[in-house]
Amino acid sequence: GLIFNLDTGELCLQSAQCKSECCQEDSGLSLAXC
């Protein structure tokens, strides 16, 4: 299942998972974090 209410800096797959409602991809990497 998906994890919601993630703190800034935690890995995410979509913005809805983050407290800040923003899932940002790091440049040059496939990982995204809140």
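Our numbering is plain: 1 for the first residue shown, then up by one each step along the chain.
Even glycines carry a Cβ here, placed using N, Cα and C.
Swiss-Prot has this to say about the protein:
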type	residues	note
DISULFID	Cys12-Cys23	disulfide bond
DISULFID	Cys18-Cys34	disulfide bond
Task: Pairwise CA distance, Cys23 (disulfide bond) versus Cys34 (disulfide bond), rounded so that it is a whole Å - done: 5
Open item on the list: So if I measure Cβ to Cβ from Cys34 (disulfide bond) and keep only same-chain residues at least 6 apart in sequence, which ones fall under 8 Å?
Closed with: Leu6, Asp7, Thr8, Gly9, Glu10, Cys12, Gln17, Cys18, Lys19, Ser20, Cys22, Cys23, Gln24
Open item on the list: Quick check: in three-state DSSP terms, what is Cys12 (disulfide bond)?
Closed with: coil
Open item on the list: Give me the count of other Cβ atoms within 10 A of the Cβ belonging to Cys18 (disulfide bond).
Closed with: 22
TODO: Have a look at the disulfide-bonded residues (Cys12, Cys23) and report the one with the fewest Cβ neighbours inside 10 Å.
DONE: Cys23
